[in-house]
Amino acid sequence: MNISPIQYISSGVNAEQHFQHIQQALRQGVDWIQLRLKDSNTAEKVSLARRILELKKQYTFTFIINDDVAAVAETDADGVHLGLNDMPVVEARKILHTEKIIGGTANTLPDVLQRIDEGCNYIGLGPLRQTTTKEKLSPILGFAGYASIIDAIDLALAPPIVAIGGIADLDIPPLKEIGLYGIALSKHMQDNFYNPQYMVYLNKLIHEHETKHRR
């Protein structure tokens, strides 16, 4: 199962803006899209998800829906990302096919150990710092928080761990050196849609820095 080290989490004021931002991310070369359409019901997510899936005729990418297992089950989305207060992973796995990706949020070492035990395909660990794209943030980790968690686990036994929450491009070198597998970007990616070389730059940062993560 291929987990991208550079992930885009959508944001926008409405469904249409989410769609436009996702189109722009794909034009940039992003190959992992997470639809994070908050304050909407399953039917609305399914409708938008089907439009996004049509883009697979033009682009090759993995498509994840945030929080909504039912929306994944109703579409051909590749998987779901579950928060700590969402459906338990074991229940999601019963509903979704075994080939579907299930990612899980974590904020603390116990969260990470729980996600490993649950069999998540990847873990979104964060936030690094304050972010405007998510309300009710978990406690800020900072680089020291990431380091203390990564140092306390056996990365050989863990799924890919992706840094989420307030991440910017210049955070990639220290996060990779700590041992993070990759990053998830939202607003920072959107702020760089104007730059056609942005994904080239991000991939260079990802691949030229040492990481302790083993797959």
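Any Cβ shown, glycine's included, is placed from N, Cα and C.
For the recorded site, N66 (4-amino-2-methyl-5-(diphosphooxymethyl)pyrimidine binding site), the DSSP three-state label reads strand. For N66 (4-amino-2-methyl-5-(diphosphooxymethyl)pyrimidine binding site), the same-chain residues 6+ apart in sequence whose C-beta sits under 8 angstroms from its C-beta are I9, Q34, L35, R36, L37, K38, V80, H81, G83. Taken from TrEMBL, the feature 4-amino-2-methyl-5-(diphosphooxymethyl)pyrimidine binding site applies to Q34, L35, R36, L37, K38, N66, T105, K134.
According to TrEMBL, the feature Mg(2+) binding site maps to D67, D86. Long-range Cβ proximity for D67 (Mg(2+) binding site), meaning a same-chain Cβ under 8 A and a gap of 6 or more residues, is found for R36, V80, H81, L82, G83, D86.
Sequence annotations record features per position, and here TrEMBL assigns domain 'Thiamine phosphate synthase/TenI' to 15-186.
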>> Can you check which residue among the binding-site residues L35, L37 has the largest number of Cβ atoms within 10 Å of its own?
In response: L35
> For T105 (4-amino-2-methyl-5-(diphosphooxymethyl)pyrimidine binding site), what residues in its own chain, 6 or more apart in sequence, show a Cβ-Cβ distance under 8 Å?
Replying inline: H81, L82, G83, L84, D111, I123, G124, L125, G126, I164
